[in-house]
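J.: First, the structure itself, so that you have it in front of you.
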Amino acid sequence: MSQNSTTELVCETFDAYKITRFMHEDEGYFSFSPVIVQIGLVTLLKTIFQFLLMPFGQQRFVSEILGGIAISPSFLGHIGRINKYLFAPRSVLILDTFEVLGLIFVLFLVSMRMDMDVVRKCGKLSVVIGLASFVVPTVITTVMASYLSGFFKLDQDLHKEVYVMAVLISTSSFQVVFSILEDLKLLNSELGRLALSSSMISGLFSWSFSVFLADVNEATSFGSKKSIMLAQISRIPLVMVIVFTFRPMMSWMVRQTPEGQPLKQSYILIISTMVLLSGFFGEINGHHYLFGPLILGLATPNSPQLKSSLMEKIGTFVDSFLVPCFLVGVGRRINLFITTFKLLAFVQALIFISTLTKLAAIIVTSLYYKMPFRFMF
């Protein structure tokens, strides 16, 4: 949290619950009912967008993003009565909790699907493409962000955020690449393996760089330069617990499970507890709560039996319940009515520059290694 941030306090009475009609005078009185409506609404909108965009070949994550935006204060949430019901203060607290849980389990499942053996065995081309697709757009976009912030005459408070914005825009999501390759049925092709390994390497670099930037920002805001080194050292105990305690426990669970059989429900529960504990330990240790689940996912044994069981049990719940909560949480923070034209133009310019430089870096690297031109796109 930045030094200039403010916290909004909401005081509400918690007396006996009443049975009221939907969106009557007591709308938002219940804490959980608006959350259920939000999840159902964003799921319905996501399905509608997915059906409408199917002829255009758009992937699933596009409809998910549009579903979250449609429920935002920019569209449906702009209607006063709907906004008052869907985003009542007491329901937002519950929604934030589910949103955090969604981020934790999504990051765990994403990092778990990153096969580290593929990263270790990938060729030089995958490493160079993965590194170039992150470093080149990050450097150029950051430099251009510094120049464009003065050109567009952004507010002074936004000058500190433009560099973070540039880095985030330049990063690539492994989950998005995996989802696209899965939908296109290219995971087992030569092109799919190259794209997957490159996105893994790019994702590892971007995650590591983002974590380092977060530590530097926190140290410069609240501490000293020495705290940057201490922050990195303090990660070691958590990593050791995950590698030397949680990983052997998961390996033991795999050995105890007969071949071809799914993991026991008790094992799934224990692994879910590990995910939550890793996030909790990271948080109380002064790090982001996502650091622990990320390392735990990377340390998960490379067992198809284990990963398929986790995706079937945990992944289904995450996709059907926690991901919609995350989409609603993201959507309620999008309000185009308070966005200025120059800020919107600034962000669009950064997106264009980042996309163009990323594409150029991949094409130049591929041409240097004499890769067929049709594989570059």
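Here the Cβ of each residue, glycine as well, is placed from N, Cα and C on the backbone.
Okay, so TrEMBL annotates it like this:
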DOMAIN    48-374  domain 'Cation/H+ exchanger transmembrane'
TRANSMEM  29-49  transmembrane segment
TRANSMEM  61-80  transmembrane segment
TRANSMEM  92-113  transmembrane segment
TRANSMEM  125-150  transmembrane segment
TRANSMEM  162-181  transmembrane segment
TRANSMEM  193-214  transmembrane segment
TRANSMEM  226-246  transmembrane segment
TRANSMEM  267-290  transmembrane segment
TRANSMEM  310-331  transmembrane segment
TRANSMEM  343-369  transmembrane segment
J.: Within the same chain, where does the transmembrane segment (193-214) have neighbours whose Cβ lies under 8 angstroms from its own Cβ atoms, ignoring anything closer than 6 residues to its ends? I mean 6 or more beyond.
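T.: For the transmembrane segment (193-214), the nonlocal Cβ contacts are 114-115, 118-119, 122, 125-127, 129-131, 133-135, 138, 164, 167-168, 170-174, 177-178, 181, 186-187, 288, 291, 294, 375.
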J.: Out of 61-80, 125-150, 162-181, 267-290, which stretch touches the transmembrane segment (92-113) the most, going by CB pairs under 8 Å?
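T.: It is 267-290 that shares the most Cβ pairs under 8 Å with the transmembrane segment (92-113).
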J.: Mind checking which residues reach the transmembrane segment (226-246)? Cβ under 8 Å, same chain, six or more beyond either end.
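T.: Cβ under 8 Å, 6 or more out: 215-216, 218-219, 274, 278, 281-282, 285-287, 291-292, 295-296, 299.
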J.: Among 29-49, 125-150, 162-181, 310-331, which stretch has the highest count of C-beta pairs below 8 Å with the transmembrane segment (343-369)?
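T.: Of the candidates 29-49, 125-150, 162-181, 310-331, 125-150 scores highest.
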J.: Please report, as numbers and ranges, the same-chain residues at least 6 past the borders of the transmembrane segment (162-181) whose CB is under 8 Å from any CB of it.
T.: 59-61, 106, 110, 113-114, 133-134, 137-138, 141-142, 144-146, 148-149, 154, 187, 192, 195-196, 199-200, 202-203, 206, 209-210, 213, 217, 346-347, 350-351, 354, 358
J.: Do the transmembrane segment (61-80) and the transmembrane segment (125-150) come close, with at least three CB pairs under 8 A (pairs 6 or more apart in sequence)?
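T.: They do not touch: fewer than three Cβ pairs between the two stretches lie under 8 Å.
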J.: What parts of the chain pack near the transmembrane segment (29-49), using Cβ distances under 8 Å and only residues at least 6 beyond its ends?
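T.: Tertiary neighbours of the transmembrane segment (29-49) are 17-18, 20, 62-64, 66-68, 70-71, 76, 85-88, 90-91, 93-95, 98, 320-321, 324-325, 327-328, 331.
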J.: So which residues does the transmembrane segment (125-150) touch in its own chain, when a touch means Cβ under 8 Å and the partner is 6 or more beyond its ends?
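T.: Same-chain residues near the transmembrane segment (125-150) but 6 or more away: 158-159, 162-163, 165-167, 169-172, 194, 197-202, 205-206, 209, 346, 349-350, 353-355, 357-358, 360-362, 364-366, 369, 371.
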